[in-house]
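*Asks:* Once you've had a glance at the structure underneath, I'll fire off some questions.
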């Protein structure tokens, strides 16, 4: 019976060939997966404006810079999610007061407009609404700037800076030498007063990890 023996020998000879093909195929698939992951990462990095050099594989020993993803350790006290409820509630109250302060700033001069216009001799009725109007114009365009900046500079830093500038420009309105300067100061006041509207939601999302607690905080903020 020579035929079966030859068949067995042929199968044995073909086995290493199949193993080599299988190894080659798996290596090709792995390389395709790495190349695809690298291309996606580079595309996302270009969209975000990242200029750091990236390596093709995390196991590579090249001297190029590698991007490392850093996350919080479990139970880390520096993680805002692990802050005490008292601290979170205090931050919530402060952010709510900031928003109330900025929104009230738009209408506060309304009762003083007759005296302001009389001081500078403004008699045109259309110009008398400008102190409110220019503030609201700045209030509309401000969030376009503050929302992206809060992601790069940090929410706490930007909140403090904008609040200080809001206070300074409010004082400048009180010390304005003439009507045009007063309107310019009102516009700048509105620009800096709008930062809480763009930043507070991000602050609450950063400190409340639980969706239920975050929803309650957002409800209190919206009310």
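Note that the numbers count up from 1, one per residue, in the order the chain is shown.
Placed from the backbone N, Cα and C atoms, the Cβ positions cover glycine too.
TrEMBL annotations: computationally assigned, not manually curated.
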*Asks:* Can you identify, from 68-88, 89-109, the stretch that TrEMBL calls transmembrane segment?
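*Replies:* Checked against TrEMBL: transmembrane segment maps to 89-109.
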*Asks:* Over the span of the domain 'Major facilitator superfamily (MFS) profile' (90-223), count residues by DSSP class, listing helix, strand and coil in order.
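*Replies:* When I sort the residues of the domain 'Major facilitator superfamily (MFS) profile' (90-223) into the three classes, I find 118 helix, 0 strand, 16 coil.
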*Asks:* Let me know the model's mean pLDDT on the domain 'Major facilitator superfamily (MFS) profile' (90-223).
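*Replies:* In the predicted model, the domain 'Major facilitator superfamily (MFS) profile' (90-223) has a mean pLDDT of 91.
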*Asks:* Quick test of the contact rule: Cβ under 8 Å, at least six residues beyond the ends. What residues does that give for the transmembrane segment (183-208)?
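*Replies:* That would be 80-81, 83, 88, 91-92, 95-96, 98-99, 101-102, 105-106, 109, 130-131, 134-143, 145-147, 150-151, 155, 158-159, 162-163, 165-166, 169-170, 172-173, 176, 214, 217-218, 221.
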